[in-house]
């Protein structure tokens, strides 16, 4: 994709070496996605039975043991890796793995899975946080609430990106954007054809879907305006 | 888009297919091209050389089986060594593997050319021009094929291999009745020690099973089938080799066989094979087999060499350009082109016996490193899951190392000089290249911890 291959692609052409601590469902799915993109994965998993299943899957090199034990983690070679991701279902184990990995390899990027509402201070210690329950809640909400509104992505903090279908009953139905007043904290990103950014002349037509960035405290108001 | 890193959900290669990939790379070119040259060196004892080489290869094949079952990575031997050793060691491994494939390509191209001319000769057609011309043409044609499409070149391997085995089967079936054991007396007509250089020369014929390690992701039930395929392919190959060499020496005699050089097998067939309808003499069937085998082996090494260069490019050990697919053809075009240039140069410049020795020497050295990698991995990562384990560890890999080194010592000094030259050139490349990319990627990335996730639609075309 890059037009200037020699200058800026040293980093992105390389495959990453990734250590995944925890070979449960989440670890396996992550390993699948990573190997599909050409990265090399090492999984550390404590359960012997699960290890056999993982080796059968032939997705990644598998090391049997508790990743929170330095002796086991060292075998996965954090120093030679780009990322260590602790994905077990135990938050303190994950934190311990990330801390140990950073001690063994100061350069390595750490990603940890949190299982409760994330402690804000985690960000000082690890490079990335994964909160599967929150992603799961988003998926669940999309399914439960059904068509019309679909959360696409939690960006950072309080902004949510949603896809909203305009209903007939919506106050703004059929109006041009410059005729309506959406609350502050709302931005129509993409218009219904998906090929233009929203602007003053965007018409909100019934039955079409729009991608909208919305701050959480005005979300309710926006839904009211666009859904009725 | 064809993508080597893409894992297809359907594993398409059965145990038979995977075994055939290994056999296909080993049976054919080596046996057709090198038998005459080996007999020239050691007389009837060439058969001993082949048998001992089979034994030596088995030690390393066991190590490969353990590593391939435990480490799901594309790139074969290079990938395993990269997993265990520091960057310079794995660079040497990749650099010599790459060269082995290229030099083997040149060997197969030259073998193709002589057998092609011989084939025409059997039909009474005198083909014009020097053999080198045909060799160059073969390399150019296969490189072009591989550069334009990976699909076209990877298919039908099993069928091609079965045809090769069938042709050799016919040769052996007729030959066993005609072979005279008297030709093997005295066995060591050129001295017992002459077996060693003959082993060195023919060792290249026993490499190729490692190609199985480059298709591991497509094998069904890989944990079980990969080790089996590797070991099976070595065993089958050794048996076929021994039968063919036995028949060739037993019918034509060591003296004449040695004189026939790279077309020895076809000439042996001329003596005892009956006439077939359509095909003509048995000799032309064998010559056809030789032409066919050398071409398919050449194709295999073109793929093999470009994969190693590609893997090294991905790892940042060679220019990143080599590790990228071409935007229009979807093939690792730069890696293929770089390999092609050297193959063409080797075809023109290096005589066939030196080519055989060079290829053998580098595969010997590569196998030493693979055995070392196995030993080191056992001590470094005791809890690594190993679905297949080398029996009699550590005796087996140590024997592998000792035998490979011993054979290396009996390869002539001129070959060693060429090999050291290539290694020195590699050292320069490595130093220049590692200096150019001194900024390690980790530092650059650590600076932007909060980098946003890529958007879903941008995930597919990553390069």
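Just so you know, the numbers here start at 1 and follow the chain as drawn.
Cβ atoms are placed via backbone N, Cα and C, with glycine included.
TrEMBL does not curate its annotations; it predicts them automatically.
Since this is a predicted model, take the numbers as computed values, not measurements.
Record features (TrEMBL):
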type     : residues  : note
TRANSMEM : B:12-39   : transmembrane segment
TRANSMEM : B:45-65   : transmembrane segment
TRANSMEM : B:98-117  : transmembrane segment
TRANSMEM : B:129-148 : transmembrane segment
TRANSMEM : B:160-179 : transmembrane segment
TRANSMEM : B:191-209 : transmembrane segment
TRANSMEM : B:229-249 : transmembrane segment
TRANSMEM : B:285-310 : transmembrane segment
TRANSMEM : B:331-352 : transmembrane segment
TRANSMEM : B:358-378 : transmembrane segment
TRANSMEM : B:390-410 : transmembrane segment
TRANSMEM : B:416-433 : transmembrane segment
REGION   : B:441-463 : region 'Disordered'
COMPBIAS : B:447-463 : compositional bias 'Low complexity'
Recorded stretch that, among B:45-65, B:129-148, B:160-179, B:390-410, has the most CB pairs under 8 Å to the transmembrane segment (B:12-39): B:160-179
The transmembrane segment (B:45-65) in contact with the transmembrane segment (B:191-209), cutoff 8 A, at least 3 CB pairs, sep 6+: yes
Stretch-level contact, the transmembrane segment (B:129-148) and the transmembrane segment (B:98-117), CB cutoff 8 A, at least 3 pairs: yes
Leading contact stretch, B:98-117, B:285-310, B:331-352, B:358-378, B:416-433 vs the transmembrane segment (B:160-179) - CB distance under 8 Å: B:285-310
Annotated stretches the transmembrane segment (B:285-310) and the transmembrane segment (B:98-117) touching (3 or more Cβ pairs under 8 Å): yes
Stretch with greatest number of CB pairs under 8 Å, the transmembrane segment (B:416-433) reference, B:98-117, B:191-209, B:331-352, B:358-378, B:390-410 candidates: B:358-378
Residue numbers, six or more beyond the limits of the transmembrane segment (B:358-378), whose CB comes under 8 Å of its CB atoms: 59-60, 63-64, 66-67, 70, 77, 80-81, 83-85, 89, 92-93, 96-97, 99-100, 103-104, 107, 200-204, 207, 350, 384, 390, 393-394, 397-398, 400-401, 404-405, 407-408, 411, 415-416, 418-419
Contact yes or no, the transmembrane segment (B:331-352) and the transmembrane segment (B:98-117), 3+ Cβ pairs under 8 Å, gap 6+: yes
Cβ contacts under 8 Å made by the transmembrane segment (B:191-209) with residues that lie 6+ beyond its boundaries: 22, 24-26, 29-31, 34-35, 37-38, 41-43, 45-46, 48-50, 52-54, 56-57, 61, 64, 100, 104, 107, 230, 233-234, 237-238, 241, 297, 300, 353, 356-357, 359-361, 363-364, 367, 406-408, 410-412
